[in-house]
Amino acid sequence: MNVLVINCGSSSLKFQLIDSVSEKVLAKGLCERIGIDGSKIEYEPYNGEEQEKEVSMPTHNEAIKIVIDSLLNKETGVIKDLSEVGAVGHRVVHGGEYFSKSTIVTDEVIKKIEECNDLAPLHNPANIIGIKACINAMPDTPNVVVFDTAFHQTMPPKAYLYPIPYEYYKKYKIRRYGFHGTSHSYVSKKVAQIMDTPYDKLKTIVCHLGNGASICAVENGKSIDTSMGLTPLAGVAMGTRSGDIDPSIVEVISEKENMNVKEVLNVLNKKSGVLGLSEVSSDFRDITKAIEEGNEVAKNALEVFANTVVRFVGAYVAEMNGVDAIAFTAGVGENNQAVRKMVCEQLGYLGVSLDEKANEKRREEIMISTPDSKVKVFVIPTNEELAIARETLELLS
Ligand code: AMP
């Protein structure tokens, strides 16, 4: 069965058509600037070159239609008939406490996702638009939703409750939810597979380090703690997000810079992290280049970033009373050797021994610890689209 995997942002739509049996990507692409002038689609079939075309997409409905047209195109398409799309799997950011698993879309499910809009105001409404557009375009095709938060619903109250008045949890569901769940689940399962150990017998820490970054402690196949919180702003330093800071800083910046809370949070979300601290860029490639050119401030920024990762890994080793494996994934985790080295060197006390030669590799599934390292360390390229396709197939069969 072919699964169309859809990841909707407020003005974008990423897609992949995956043969869920062979797990081959038949086509993939991206619609950008939906609802804005100059919207375009990038489309790449498995047997051809990537193409880019400017085309009007006032809403996600047109974007979905253009994706379908591309898949069906006589010359560059990969299917002959829409019936060859057996299901659509959607990435949805926030499932609140309603969803601890992926689920088949019904009116009731859409209503519950809508109820979580307050918890992810930038993402959930876009995800719902994408689901509705697919239902419109393919009324007979089942839709499945896979949540970023679902994997973390196994966290115990001691991990998800914030030490603030309990009534805020009861009234507003203010708690830690965590994100990147599809990636943490995919990578931790892959670790178990590589180590040839049952998933429910391992203690793994997954470091998903991309522009957004989060760490997850996976004990016996369950997420027991993770660094992002009510929103993705919490946890380790990120490309543009601050991660954890003293909450009083919000008041200080607000008073000194004459900003309201929303404006300060905008700074913490979009102008902080490695970008804010380095004054160079949020892109780790630019940071590496600046460091090579002798930029001390950029070096500080990278060290702060790596140190926040070390802090969470150390905390999660303590929470799990040990660790068998640590895995790095996502753009920075898969590509940035310096960050992996900084983190691993701080974990020598645990019995982590880095294989420097293996650590030179990029974007490759590889063990980067030495054979005698007590704790195994891996780089595992994440594949959220494939994980969504697998979940979709599993649910529908
Ligand atoms: P993601 O959010 O997972 O797409 O990750 C984006 C981050 O990964 C950016 O900060 C990039 O600098 C970093 N990244 C992506 N590719 C590379 C690469 N080849 N070398 C170093 N960093 C990379």
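Keep in mind that glycine also has a Cβ here, set from the backbone N, Cα and C atoms.
Other C-beta atoms found within 10 angstroms of the C-beta of GLU384 (Mg(2+) binding site) number 22, with every protein chain shown included. Residues annotated as Mg(2+) binding site in TrEMBL: ASN7, GLU384.
In the three-state DSSP scheme, GLU334 (ATP binding site) falls into the helix class. The ATP binding site annotation in TrEMBL covers LYS14, HIS208, LEU209, GLY210, ASN211, GLY212, ASP283, PHE284, ARG285, GLY331, VAL332, GLY333, GLU334, ASN335.
For ARG91 (substrate binding site), the same-chain residues that are 6 or more apart in sequence and have a Cβ closer than 8 Å to its Cβ are VAL5, ILE6, ASN7, CYS8, ASN127, VAL146, ASP148, THR182, GLU384, ILE388. Taken from TrEMBL, the feature substrate binding site covers ARG91.
Among the features that TrEMBL reports, active site, proton donor/acceptor is placed at ASP148. Under DSSP, ASP148 (active site, proton donor/acceptor) is assigned to coil, being neither helix nor strand in the three-state scheme.
Annotated site 'Transition state stabilizer' per TrEMBL: HIS180 (among others), in sequence order. HIS180 (site 'Transition state stabilizer') is surrounded by 29 other CB atoms, counting those within 10 A of its CB over all protein chains shown.
Marked as site 'Transition state stabilizer' by TrEMBL: ARG241 (among others). Of all Cβ atoms in the shown protein chains, 26 besides its own fall within 10 Å of the Cβ of ARG241 (site 'Transition state stabilizer'). In this structure, ARG241 (site 'Transition state stabilizer') belongs to neither helix nor strand by DSSP; it is coil.
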Inset, instruction - Cα within 10 Å of ARG241 (site 'Transition state stabilizer') is the criterion; apply it to the binding-site residues LYS14, LEU209, ASP283, ARG285, VAL332, GLU334 and give the hits in sequence order. - result: none
Legend entry - Largest tally of Cβ atoms lying within 10 Å of a Cβ, found at which of the recorded positions ASP148, ASP283, GLU334: ASP148
Inset, instruction - Translate the DSSP assignment of ASN211 (ATP binding site) into the three-state scheme. - result: coil
Inset, instruction - Express the distance between the Cα positions of ASP283 (ATP binding site) and HIS180 (site 'Transition state stabilizer') as a whole number of Å. - result: 19
